[in-house]
Amino acid sequence: MAYRFFARILWVVLLTAIGCSATLPVSLEAQLLVAWSFVGALFLVSALKAHRTGRILGISFAAFVTIRYIIWRTTSTLPAPDDLLNFIPGLVLYVAEIFSFMMFLLSIFVISNPLHRKSIPIDDADPDLPSVDVLIPTYDEEPNLLLITLTAAVSLDYPKSRFKVYLLDDGGTRQKCNQADALKADSARRRAEKLKELCRTTGAIYLTRDRNEHAKAGNINASFAKIKGDLVAILDADHVPSSDFLRKTVGFFVKDPGMALVQTPHFFLNPDPVEYNLKTFPRMPSENELFYRNIQPGLDRWNAAFFCGSAALLRRSALDEVGGISGNSITEDCETAMDLHAQGYRSAYLDQPLIAGLQPESFVSFIGQRSRWAQGMIQILLLKNVLWRSGLSLAQRLCYLSNSLYWFFVFIRPIFVLGPLCYLFFGLQIVRTNVPEFFAYILPHIVASVMLPNILNGKVRWPFISELYEYVLSLHLSRAVLSVLINPRAPQFKVTAKGETTTSDRASPLAGPFVWMVLLLTAGMVAAAWRFVALPESREIIGIVAFWNSVSLLLALAGLGAVYEQRQIRKFPRINLQVPAHLKLDGGDFPAQVVNGSANGLNIELPMHARSQMSESMIVTLLAPGEEEGTERQITLRVRRMSVSGGVFSVGCEFNPVSQTEATAAVQLVYGNSRIWAKRWHNRVPAERSIFRSFWFLVGLALGHGVPAAWKMCKSGILRTASQKKTSDTVPAQ
């Protein structure tokens with residue numbers, strides 16, 4: 001309590017000091033000294049980044065430098081209004097900076113004091129232990145993918161009489177099975193029969209409805225008339241739960257009658273397309289790490305952690321009170337959470353990975369998914385009136401505002417990337433400044449703006465990586481966001497494809513704009529060189545603008561590497577298991593180590609002397625430890641390959657279960673142990689990187705992947721065909 005009181009006093013004192021001192025007029029020399037003194041202080045407090053005091057000091061010092069910059073930028077740098085040629089682009093850049101400053105303040109508010117919860121134990125003998133309906137909505141996912149999720153769901157470690165698993169098939173509705181297209185109707189009927197058989201095999205319950213109304217939200221709401229559980233768990237078709245998913249989450253509802261939502265992280269087994277194509281997985285923190293490790297815990301501090309569509313548990317009575325899963329936007333998850341918060345219910349975020357899922361494999365699917373998120377969050381902003389929504393606290397309103405406004409980066413990032421071209425191509429002076437002011441105001445602000453996120457998020461987001469992801473997304477999401485601003489009710493929910501494969505390296509159909517951006521920024525460097533030679537009196541300013549353009553070019557080249565799709569033939573990623581076991585075959589019983597596995601099979605290491613008694617295609621039996629101490633899982637396997645490497649004999653086996661019990665055991669072995677997810681979740685966070693190391697990392701991505709991608713595209717004729725791509729190859733505005 002004493003520390004908490006001290007921290008609050010420190011906040012008040014520092015914020016008051018910043019507010020008073022940041023507005024004081026000083027000479028340019030004094031500004032230079034003060035700004036760099038605060039930047040130096042930021043370097044010193046970076047050693048305390050894990051401590052709350054360090055976070056408070058870091059935020060305060062960076063805020064001081066940035067506020068000084070914004071005041072100077074507003075009062076001294078805008079072109080004259082009567083000089084429209086300079087004033088209009090100058091004003092556009094200024095508005096982009098003001099918006100970024102506002103998002104800086106909102107994001108600091110959200111993540112300043114993250115809350116990290118622990119699970120609450122439950123008592124199986126409690127007569128009031130809540131009953132749970134586990135819902136798995138599906139639309140067009142492959143039955144093989146669904147089989148894994150269903151098998152894991154029906155095997156959850158929870159009293160069997162207290163939960164049921166439902167497959168909600170929106171691809172087998174009466175509307176789908178009787179559509180006018182005979183081939184599509186027949187395909188829907190055949191898929192529905194396969195899914196019914198899956199449910200009979202696994203013990204799940206198959207549900208569908210008459211019409212495909214209101215997409216995923218409508219599918220879930222339609223099931224409410226047929227289910228009666230106290231709680232509702234929602235899992236995407238590719239989100240495989242660990243066996244303790246319910247055991248780790250139900251306790252929050254038992255303890256708190258006002259708890260309506262418990263969200264857990266979306267833990268992904270495979271890299272997103274940017275990571276995969278740039279080969280940064282798992283060396284670099286991925287895009288979602290920041291959200292699930294820092295932002296959601298930050299939101300949770302303000303009772304604003306929101307539903308992410310899957311890997312969550314909700315109270316049924318609370319859902320009934322708000323009319324079920326909301327459907328006014330295409331991000332029904334966040335919208336539902338806001339409705340629950342507005343009714344006074346509480347939410348919790350448990351930052352323990354309890355499901356394993358798949359990210360989109362192709363860049364087209366990646367952009368399609370992010371387009372839906374962007375459009376849906378802006379729909380919530382426009383249709384739900386976030387700032388004035390009754391029932392929400394001020395903190396919750398600010399949190400939801402931050403969630404929605406974030407997606408306007410699709411307009412802001414291109415402004416920053418293309419800004420230097422106004423001077424390099426046309427000689428426009430969109431910022432009225434000089435070299436001394438650059439070092440006194442602009443450069444300290446840039447350094448502080450890069451350092452503070454590194455202090456707050458260093459392990460989960462390196463400097464320049466946010467800029468890379470925003471650049472990669474903005475070139476296509478801007479059109480989708482613009483369309484929803486024009487017509488907020490137009491977007492339609494679309495399912496994200498999973499389990500895609502690529503048989504060869506190739507440029508994404510969406511690569512065209514990235515090619516032209518590289519060409520444009522390269523031309524900017526040529527223009528900079530010409531100006532440097534032709535205008536010796538302006539070389540200092542030209543050098544500064546050229547450096548800005550070179551950073552933009554590095555982002556553009558890295559982005560080009562990200563959209564050059566690498567060959568990807570594995571549908572199900574392998575998972576590191578390291579489980580001791582035994583392998584039985586006709587010639588004996590051998591100690592074994594299950595090294596890794598996937599939905600299809602296992603990679604097993606054996607003693608070298610076992611090699612002589614094994615052959616490809618032979619049937620073997622694996623005995624692996626069960627969930628309970630002293631128990632075993634028995635799984636029948638077929639040997640598909642054998643190899644010796646570095647003195648180690650290993651065999652690749654595919655699952656060949658002879659019963660549903662064995663099929664369940666295989667899924668539990670690969671996906672059922674949340675400790676494996678927790679270890680991988682912890683190990684996935686690489687070491688922090690300084691600004692300088694992160695910059696060189698960006699240089700490496702640009703030169704190591706962007707330049708080769710550009711060369712390959714040239715050879716394959718992408719430059720010639722980019723402008724001729726059909727509109728079906730682009731992401732349509734919805």
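Heads up, residue numbers simply count up from 1 along the chain you see.
Backbone N, Cα and C define each Cβ position, glycine as well.
Not measured: the values here are computed from a predicted model.
Here TrEMBL flags 232-418 as domain 'Glycosyltransferase 2-like'. For the domain 'Glycosyltransferase 2-like' (232-418), the predicted model reports an average pLDDT of 94.
The domain 'PilZ' annotation in TrEMBL covers 568-671.
Within its own chain, the transmembrane segment (31-48) has Cβ neighbours under 8 Å at 54-55, 57-58, 61-62, 64-65, 68, 72, 436, 439-441, 444-445, 447-448, 451-452, 454-455, counting only residues six or more beyond its boundaries. As annotated by TrEMBL, transmembrane segment applies to 31-48 (among others).
Sequence-remote contacts of a segment are chain residues at least 6 beyond its ends whose Cβ falls under 8 Å from one of its Cβ atoms, and for the transmembrane segment (55-71) they are 7, 10-11, 14-15, 17-18, 21-23, 31, 34-35, 38-39, 41-42, 45-46, 48-49, 97-98, 101, 104, 108, 112-113, 441-442, 444-445, 448-449, 451-452, 455-456. Per TrEMBL, the feature transmembrane segment maps to 55-71 (among others).
Feature annotation from TrEMBL assigns transmembrane segment to 91-111 (among others). For the transmembrane segment (91-111), the residues of the chain that approach it from at least six positions outside its boundaries are 59, 63, 66, 70, 73-74, 77-78, 294-295, 297-299, 302, 395, 398-399, 401-402, 405-406, 408, 411-412, 415-416, 419, 430-431, 449, 452, 456-457, judged by C-beta separation under 8 angstroms.
Residues annotated as transmembrane segment in TrEMBL: 405-426 (among others).
Here TrEMBL flags 438-456 (among others) as transmembrane segment.
Taken from TrEMBL, the feature transmembrane segment applies to 514-534 (among others).
The annotation transmembrane segment is assigned in TrEMBL to 541-564 (among others). With a cut-off of 8 Å between Cβ atoms, the residues of this chain six or more beyond the transmembrane segment (541-564) that come close are 273-274, 277-278, 363, 416-421, 423-424, 434-435, 438, 464, 467-468, 471-472, 475, 505-508, 510-511, 514-515, 517-518, 521-522, 524-525, 528-529, 531-532, 535, 698-699, 701-710, 712-713.
Long-range contacts of the transmembrane segment (405-426) within its own chain (CB-CB distance under 8 A, at least 6 residues past either end) are made by residues 89, 92-93, 96, 99-100, 102-103, 106, 373-374, 377-378, 381, 467, 470-471, 473-475, 477-478, 481, 517, 520-521, 523-524, 527-528, 531, 541, 545-546, 548-549, 552, 555-556. Residue counts of the domain 'PilZ' (568-671) by helix, strand and coil are 18 helix, 57 strand, 29 coil (DSSP-based).
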